[in-house]
Structures are given as structure tokens and as C-alpha cells.
Amino acid sequence: MEKQNARDDKYQQLNTSSNTPSNQLSTTHDSTVELWGGIEKTHPEQDTIHMIALEKIFKRFHTNPNTGLSSDSIPDARAQYGLNRLTPPEPPNYFWLLFKQLFAGFNGILWCGGILALLAYKAFGAVHPDPSNLALGILIFIVIILNSMLNSYQEIKSIKIVAAFSKLIPTLATVRR
């Protein structure tokens with residue numbers, strides 16, 4: 001009980017002081033939350049939706065927190081913002097996935113090794129080149145290509161599994177117009 005009285009006294013002190021954004025508080029069900037603590041709005045890029053007062057947000061979107069949009073403003077909002085539908089993500093380009101796998105991670109080092117093996121095969125005008133260096137270079141390139149194809153296949157499978165799970169989860173939202 002003593003804690004509750006101390007918290008109420010602190011709340012009353014802060015509310016009776018100046019009404020600057022750093023002192024605005026909101027209480028809900030025995031909890032006190034500082035909404036604007038330490039935020040200075042000196043730059044225009046800081047004016048984002050999560051920092052604006054609710055009244056300004058309602059005014060910006062021409063809505064009412066209790067009744068929502070009026071029937072007259074619905075066609076205008078639909079014309080400006082489009083239909084109330086979630087857009088699915090674009091499917092990935094499979095060739096781009098393969099390209100990323102060809103040059104990402106350890107494959108970059110393998111490319112360097114394969115090129116060096118091919119350069120060692122014909123070592124700057126050698127009369128009798130060593131065929132094992134050519135075989136090593138070709139083998140490294142085959143490993144790179146097979147590894148990239150398998151990694152791309154696994155990534156495509158995992159993308160499809162995640163898409164299947166997202167279809168199982170219903171998209172529900174409570175909307176107040």
C-alpha cells in the first residue's frame with residue numbers, strides 16, 4: 001500500500017510540473033509508462049509515427065479513435081491507400097540464388113584455388129605442363145558448381161516449406177473503420 005501511495009505521489013508531482021514531452025506520463029492498470037522520455041525532436045526525420053501524439057495521428061489519417069472512419073471517407077481512403085489486403089512477398093529468383101551460392105562464402109576461396117591450379121598447369125610458357133594441375137583445377141570447378149547447386153536446392157526447399165507454413169496460419173486482423 002505504501003508503494004502505491006509513493007507511486008501516486010510521484011505521478012501527481014510529474015503531472016503538476018511542466019507539460020513538456022519529457023514529462024508526459026500514461027497510466028494503465030497500476031503501471032506508469034514514460035512516453036517521451038529523453039526524446040528531443042530537433043530533426044524533421046525524427047518525426048515518425050511511433051513518436052507522434054495520438055491526436056495528431058488521428059488527424060493525419062482522418063479517423064476517430066472511437067468510431068473509426070466515416071462512411072463518406074472510405075472511398076477516398078481506398079483510392080489513396082488501396083484495398084485492405086496483405087501483399088505476399090515476391091518469390092525469389094532461382095538464378096539469383098544460384099549466382100549468390102556460386103560466389104558466396106568458401107566458394108570464393110575455391111574459385112581462387114581453381115584459377116591458381118589452371119595457371120600452374122601452363123606455368124608461363126613451360127614446355128611440358130603437368131596434367132595433374134589441370135585435373136585439379138577442373139575438379140575444383142566441378143566441386144564449386146555441384147556445391148552451389150545443392151545449396152540452392154536446399155534453400156529453395158526451405159523457402160517453399162516456410163511458404164507452406166505461412167499458408168496454414170490464418171491471417172486475421174481486427175479492423176475498426
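Easy rule for this one: first residue shown is 1, then count along the chain.
For all residues, glycine too, the Cβ spot is worked out from N, Cα and C.
Annotated features in TrEMBL:
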- 1-11: compositional bias 'Basic and acidic residues' (COMPBIAS)
- 12-29: compositional bias 'Polar residues' (COMPBIAS)
- 48-122: domain 'Cation-transporting P-type ATPase N-terminal' (DOMAIN)
- 1-29: region 'Disordered' (REGION)
- 102-121: transmembrane segment (TRANSMEM)
- 133-150: transmembrane segment (TRANSMEM)
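Note on the transmembrane segment (102-121): residues 129-131, 133-134, 136-137, 140-141, 143-145, 147-148 of its chain, located 6 or more positions outside it, place their CB under 8 angstroms from a CB of the stretch. Listed as Cβ neighbours of the transmembrane segment (133-150) (distance under 8 Å, sequence separation of 6 or more from its ends, same chain) are residues 98, 101-102, 107, 110-111, 113-115, 117-118, 120-121. Across the range of the domain 'Cation-transporting P-type ATPase N-terminal' (48-122), the DSSP-based residue counts are 44 helix, 2 strand, 29 coil.
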